[in-house]
Each structure stands twice: as C-alpha cells, then as structure tokens.
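**Q** Have a look at this one before I ask anything.
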Amino acid sequence: MGNCFGGPENSVNPVATGPRGPGWSTTTTGGNRELSTVFTGTVEQSLDGSSRTEEAFPNLRIFAFNELKSATRSFQAANMIGEGGFGVVYKAWVDKKTLTPANNRVGMAVAVKKWKPESFQGFSEWQKEVDILGKMSHPNLINLLGYCCEDDELLLVYEFMEKGSLGNHLFPQGAAVQPLSWEQRLKIAVGAARGLAFLHSPENRIIHRNFTSSHVLLDSNLNPKLTGLGIARESPTDAESHVSTRVMGTYGYAAPEYIATGYLTAKNDVYGMGVVLLEMLSGQRALDASRTGKQRLVEYAKPYVSDHPKLARLMDPRLEGQYPVKAALSAARLAKSCVADDPKARPSMDEVVETLQQIEAMN
C-alpha cells in the first residue's frame, strides 16, 4: 500500500491530475457550486507541522483497496449514496468489531468515499481529513474509521449516517423525506454549532472553510455531525490577523471578504453558520438562480429578519406555522449577526452556541 504520509512538503503528488494554472474552478454538490482555485497537487505537512506516519493514527484501520472493492460490490451504482467535490460515496458493510469488510450486507453499515481523478480536490484534501479526523473526536464530528491509499486509489471509510445530510431534509427531492420540525431544526443547529466551536477552540484552532448544509450529516436520531474537512486550515495565531490562502469553499456560504481577498479567519465559518441558519428558517437554498436579482439567500432574507410580520413571509412553509414566534425571531437575528458584512461584528462560535441554547430553551 505504500506510505501515504511521508512525502516532504511541496513534493509533487503522483496521483494529481487535471489542469494546472491560475483561475477559478467549480464543481456542483447537492445543488451548490463549490469554488476553488485549481488543485496544484501539493502535498502539505500536517496541521501542527509534524511529519506524518501511519503510526500517527492508531485508531484508524488501513484498508486494502480490494477489501473496499469487495465491500461495495465493485463500487456498484446501486450502492452509491452521494457525490461531492472529492469523489463518490458508497454504502458498504463491515464487521462491527474488526472492521473487516463484508459483501453480504451484514454487520455494520459504513460510508466509503472514493476519490475521482477528474476532481479538483485530491491527495492533500484526502490527507487533511485523515489528519484531522484521525486525531480528533467529538460528538458532532463525523467518525473516520479508516482509509486506503494504494497506487492511484484514495479512499476514506466513515461511520454511516442513516438520515443523510441536513440539505437533503431542507431541500428534499421527493415526498419520502419528512419535513424537520422546529425542535429538530434547533437540535441540529445547536449540535452543528458545537462542532464548529470545537474546531475553533484554542486547543484545535481549525477553520472548517466549507461549512454548508450538505456537510452536516444526521444519524438515526438526527444528531448532527460535521464532515467535509478536506480543505480545513489552521486558524491564525494571536499575532496574526488572518491566514492568506487560495479561495476554496462553496458559493453562497463563503464570507464575502474571504472571496474578495483570500484572507481567511474563523469568522468565515461563522458566516457559513449564519447562511445555514437562514436555510433552516426559510427552507430555501443558499444560492438559487430563480430568485431574480437576489440569488444569494443572505441578500434575499435581510428585509425579513427584523420583525415578526415580515419574518413570517420568510419562514419555511413546511413548518406550517408550528414554531414559537419569539424563538424564530431570535434565531433570525442571530443569523443576521452571523452574516454581518463586517467580520468583526460577527459573534464567535462559542457565542453562537450559547445563543442557540437560549433559543432552544424558549420552546
């Protein structure tokens, strides 16, 4: 299988493909356009600057490619459960104790994400997810079970999230998906905010960089867990105001100052949290071409979040009016503060968690 973690910084990624050069690239994920500069194939060091070895992740299982090929029945389309900027996600089964893959649909269900060569994400994003999820654990972060790096194949194996993404519930493609109640939406918002606050904590100092409703996954009890950490970055130190980086993320969720300058701070995630809150309140997508003149939900929602008579026109009709008015107005005002034009005016994620818990108590 080889050593996928020993490459020096700036070494050329042997599996990187696709065009290289300046400019923007976009991919479509769940109706959202992801934005990034083109993938350069650079292998980065781990977030803390340490060298990578397979021994650094004792809690992760190293899978052989043939094991995962067997577990997914040769990556059959029937087992496909999603597709994103990195690749395709398949459902598979493993033994609950040993994580040995099974091909007879018995044991524990898992999600296998397989890199697609035409993707603008690649080895560095794969490596970043292993770095973060291999070392961190939190109730609101997806649990990475193992990985495969063999020849030109890059795969990640996660716990299976039965209820899919928050975006699937807010923007259902069919009548089979039941609408989320007000209480369920608040529960998900609180958990997602806790996940971001954990990443932002002084001990971790991680900026998610691509927080969207598609990157909030739900288990059988609608407990939320964050995913999509492949483009995460370490946040600035106390002596730095920001991290200068190539712009990556998803249109509609990325903060305007980050798109304009490439200056990244944790307030970019706070902005994304505000957009997701607006999606949860309205049932509308962060970016929608059918909203003439106001394709971005942030711009569309601003006139409605100040008082209840106007807010009622914004609220998701699938809620059928079943929500506490005072709580909804407080949530709308919180969302508005999160998407403030001035990043310094946005709350911290700890403050977002505290406010959401207060709103939850209003129920």
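Placed from the backbone N, Cα and C atoms, the Cβ positions cover glycine too.
Those TrEMBL annotations? Automatic predictions, nothing curated.
What TrEMBL records for this protein is below:
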- 1-34: region 'Disordered' (REGION)
- 24-34: compositional bias 'Polar residues' (COMPBIAS)
- 75-363: domain 'Protein kinase' (DOMAIN)
- LYS114: ATP binding site (BINDING)
**Q** Can you count the other CB atoms that lie within 10 A of the CB of LYS114 (ATP binding site)?
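**A** If we count other Cβ atoms within 10 Å of LYS114 (ATP binding site), we arrive at 21.
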**Q** Over the domain 'Protein kinase' (75-363), what is the model's average pLDDT?
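**A** Result for the domain 'Protein kinase' (75-363): average pLDDT 92.
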